[in-house]
Amino acid sequence: MEDGPVNLREFQELAKRNLPKMYYDYFSGGAEDQFTLRENVEAFQRIMLRPRILVDVSKIDMSTTLLGYNMSSPILVAPTGSQQLAHPQGELATARAAAACNTIMVLSFASNYSLEDVASTCSAVRFYQLYVRSGFDAFCLCFHCFITCSFEQFLQVFKRRDVSAALLQRAERNGYKAIVVTVDTPRLGRREADIKNKMIMPRNSNLEGLISVDVNPTGGSKLEAFASETLDPSLSWKDIEWLKSITKLPIMVKGIITAEDARKAVDAGVSGIVVSNHGARQLDYTPPTISVLDEVVKAVSGAVPVLLDGGVRRGTDVFKALALGAKAVMIGRPVVYGLAVKGEHGVRSVIKMLQNELELTMALAGCPTLRDITRNHVMINYERPRSPL
């Protein structure tokens, strides 16, 4: 009999009990009415599975690659910052768990531990997250993004180009294999729980010695005050060109939810796209990511891998995303919940739980390998066939 959580929902319930309200609200909350936050999860429930029978599924192979790096399954750790709010070991514990599960971690720009500390804790493949922002503002935005993934989490690009260049050089020196640029934050979304709680930001080790991050808010959250003073709404595709000019690392962009922007990203020469609405923390009433995945995949036409971020809570969700064309999925909040409940073991349990659920789904759906999962294995609610009467 199981003596711990048996699904990700139970991990979330336990994390809510363990964490101070301010921190739980920060990790779990979304923008304004939180409509998109709910839809990110519920949209998966409107997709039905179409299994095949009498298929030999005695051996299930979930392994895959991303940008040439091997993974045991198509499940990555999304960039999630400030993980020491959930557990003292923070990103170090998450990195070790990702390594143990043979998956890729995207390290958040807003990590409490430095990218050097995380690199030295294990041999896992890591990506780094970057934001493109002005002056000394990078910290604020990255902190906001923490709730989503990890290759070395998404980099934030500063108008202070020297800061961005320094971070890129450190990532390269410490073995990070790709840069994930978060592109959906010209301004900070309105997260009302953080405003009510007057959310306090922890230190950002990656910026120490580079910029000052002290802000005194007159109202609302400290995070919101930081954003209002520092975010750069002038970010454009030219910044992606500049990043490509100063690094040999592949660059992925996170925050694409339309075919138009997907095509622009391919034209800009990115190495991958993450379909994401920032965990529903930026613009409310945007569509849930799983509902626009098919559109983005068709627009890209196989030119670059497309990943899905947002709302994944079951192995069946992973299967549905793969059937709609995703190369892999990212998980952010579930990782933080696992970290809050059981530290490194909790993160490992969360990843393994999703992997085990995906393996079972593949077997029951008649798909022995990821290549066998196709668009014909899913049916969206409006595609349900009528009874031939």
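The backbone N, Cα and C atoms fix where each Cβ goes, glycine too.
What TrEMBL says about a protein is an automatic prediction, not a curated fact.
Pulled from TrEMBL:
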- 15-133: domain 'FMN-dependent dehydrogenase' (DOMAIN)
- Y26, Y131, R191, H278, R281: glyoxylate binding site (BINDING)
- 79-81, S108, Q129, T182, K254, S276, 309-313, 332-333: FMN binding site (BINDING)
- 155-378: domain 'FMN-dependent dehydrogenase' (DOMAIN)
- H278: active site, proton acceptor (ACT_SITE)
Select the closest residue to Y131 (glyoxylate binding site) from the following binding-site residues, measuring between CA atoms: G81, G311, R313, R333.
G81
Would you kindly give the Cα-Cα distance separating R191 (glyoxylate binding site) and K254 (FMN binding site), rounded to the nearest Å?
20
Work out how many Å separate R281 (glyoxylate binding site) and R333 (FMN binding site) at their Cα atoms, rounded off.
12
If you compare CA-to-CA distances from P79 (FMN binding site) to each of the binding-site residues Y26, R191, H278, which comes out shortest?
H278
Compute the C-alpha separation of G311 (FMN binding site) from R191 (glyoxylate binding site), stating it in Å without decimals.
18
If we check Cα distances from Q129 (FMN binding site), which of the binding-site residues Y26, R191, H278 wins as closest?
H278
What is the separation, in Å, between the Cα atoms of R333 (FMN binding site) and Y26 (glyoxylate binding site)?
10
Grab the glyoxylate binding residues from the record (Y26, Y131, R191, H278, R281) and give me their largest CA-CA distance in Å.
20
Measure the Cβ-based neighbour count of R313 (FMN binding site), defined as the other Cβ atoms within 10 Å of its Cβ.
20
Between C-alpha atoms, which of these binding-site residues comes nearest to H278 (glyoxylate binding site): G81, D309, R313?
D309
